[in-house]
Amino acid sequence: MSRRVVRRSKFRHVFGQAAKADQSYEDIRVSKVTWDSSFCAVNPKFLAIIVEAGGGGAFIVLPLAKTGRVDKNYPLVTGHTAPVLDIDWCPHNDNVIASASDDTTVMVWQIPDCTPMRNITEPILTLEGHSKRVGILCWHPTARNVLLSAGGDNVILIWNVGTGEVLLSLDDMHPDVIHSVCWNSNGSLLATTCKDKNLRIIDPRKGQVVAERARPHEGARPLRAVFTADGKLLSTGFSRMSERQVALWDPNNFEEPVALQEMDTSNGVLLPFYDPDSSIVYLCGKGDSSIRYFEITDEPPFVHYLNTFSSKEPQRGMGFMPKRGLDVSKCEIARFYKLHERKCEPIIMTVPRKSDLFQDDLYPDTPGPEPALEADEWLSGQDAEPVLISLRDGYVPPKHRELRVTKRNILDVRPPAGPRRSQSASDAPLSQQHTLETLLEEIKALREQVQAQEQRITALENMLCELVDGTD
C-alpha cells in the first residue's frame, strides 16, 4: 500500500476568524467609487478608511481602540476637491498618511494621537505633478520620506516628502493606465502592471525597464503583482476563459511561470497581500466573501494552497496590518480589516499552538519604524535592507512624531524691482499681470500662515493629550 505523504508546514493549520461584533467599527459610509484599490489602510495606531463625502473627497481616521459605533459627526480628513482613490500610511511614522485623489493631487497629512475636535482640512504638504487622477500610492520601504504616486496620465512620480520635490519622473514606460506598483524589499526595483497587459520590472533611478513579460495572464481584466522575499514576482490575473489565476515568476527567466494555478470564475480583481516573514500570500477579491491563502516555498509546486476564510458578506475593500501591529501572545500571524457597506470588521489569522511562550519560528525579526536610508542617499544609488526589530516583548508604537517639511524656493514669481513706466494703453495687460501676481502672492502668504496656525493647533492638541494621559 502506498501512503500519501502530507507536506510538512507550520502554516498548514492557519485559520481565520472574524472579530466579535463589539470589536468592529460600525456606521461608516464606505466609499462607493469604482476603483480597484483597497480603500483601507491600517498601522499599529490607526485605521483609515475612504468614505463617502459630499463636495469632495474624504477619509476617516480612527484610533484602533475606538471600536463600536462611530458617531456620524466624527471628524474626517477633508481637503481633496474630488473623491479619494488611495491612502497609504508612512512605514516610518505612524502619524503620517498620504492620500491620492481624482483631483490630480497627492496630500500628506499629520494625524494627532488624540481625536481632533473638527475636520482636518490642512495637509502638511500638497504634491502637484500629475495631469490626471492619481490612483496609486506606495511609500518606499527603507528610505525616509520617499513616496511613489502613479496617475491616469501613465506617469510614475517619486517624491521627497521632506522637501516637496519630485525626485524622479518615469513618464515614458507605460503606454496605458497603470494598475499596480510594488517596491521590492530594499526599494531598489519596482514591479508594475499596466492596461497593455505587460508585467514590468523597473530600476527607477536608472529610468530603465530591466525585465518585461508580455501578457503573463491572457485575460482582459486587470493584473496585480507583488515581489516575494527572494526577489521573485507573484501575479494575479485572468485566463482567456475569465478564470482567476495566481502565478509565480522568476525575473531572470520570464518565459514560463515557475508555477501557475487557476482558481475560479469571477469578475473581482484579486488583491494580493504578501507577508515576507511567513512567505504567505493572501488573495482578497473585490466583491468576494472569502480570503484564500497560499504558502510560497522552494519546493514544487512552489505555490501551496493552505486554506480559505469564508464569510457571508462580500468585501468592499481590505486593510492589512503590518507585522509589528499583531498580537504575538495569541499566535496571530495576520490581521485584515474587511470593509462592508457600513462597517469595518477585523479578521484574525492564527496558527494554533498549545504553548503560551513566544514562538520564535512564527515571528522572525520584522521591519520596524526606523528608516535605513535618507532620501538623498537612496537617490544617489545606495540600497539598504529594512531595519529589523524583535517582537518578543510585543511592539509599542512611539509617541507622536512630527513630519517637518522644508520646502526649497525653486521659483520666485515676484515682478522684478525697478522704475515703473508711465501708464499707457499699451501697458494695461502688464499692469494687470503685476496686480495678479501681487494678489497670488498675498493669497499664498495667507495660506502659509493658516497652515502654520493649523500645525500649531495640532501640536498644542497633542501636548494637551500628553498632559491628560500623564494625569490619568
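Don't overthink the numbers, they just go from 1 along the chain as shown.
Each Cβ is built from the backbone N, Cα and C atoms, and glycine gets one as well.
Here's what TrEMBL has on this protein:
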- 4-68: domain 'DUF1899' (DOMAIN)
- 77-119: repeat 'WD' (REPEAT)
- 127-169: repeat 'WD' (REPEAT)
- 171-212: repeat 'WD' (REPEAT)
- 408-433: region 'Disordered' (REGION)
- 421-433: compositional bias 'Polar residues' (COMPBIAS)
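Counting residues 6+ beyond its ends, the repeat 'WD' (171-212) has Cβ neighbours under 8 Å at 36, 136, 138, 140-143, 146, 148, 150-152, 154-156, 158, 222-227, 229, 231, 233, 235, 249, 251-252, 254, 276, 378-379, 381, 383-386 in the same chain. The list of residues near the repeat 'WD' (127-169) in space but at least 6 beyond its ends in sequence, with Cβ under 8 angstroms from a Cβ of it, reads 35, 37, 82, 85-92, 98-108, 175-178, 180-183, 185-187, 190, 192, 194, 204-205, 207, 367, 371-379, 383-387, 403-408, 410. Summarised as a single figure, the pLDDT of the domain 'DUF1899' (4-68) averages 91.
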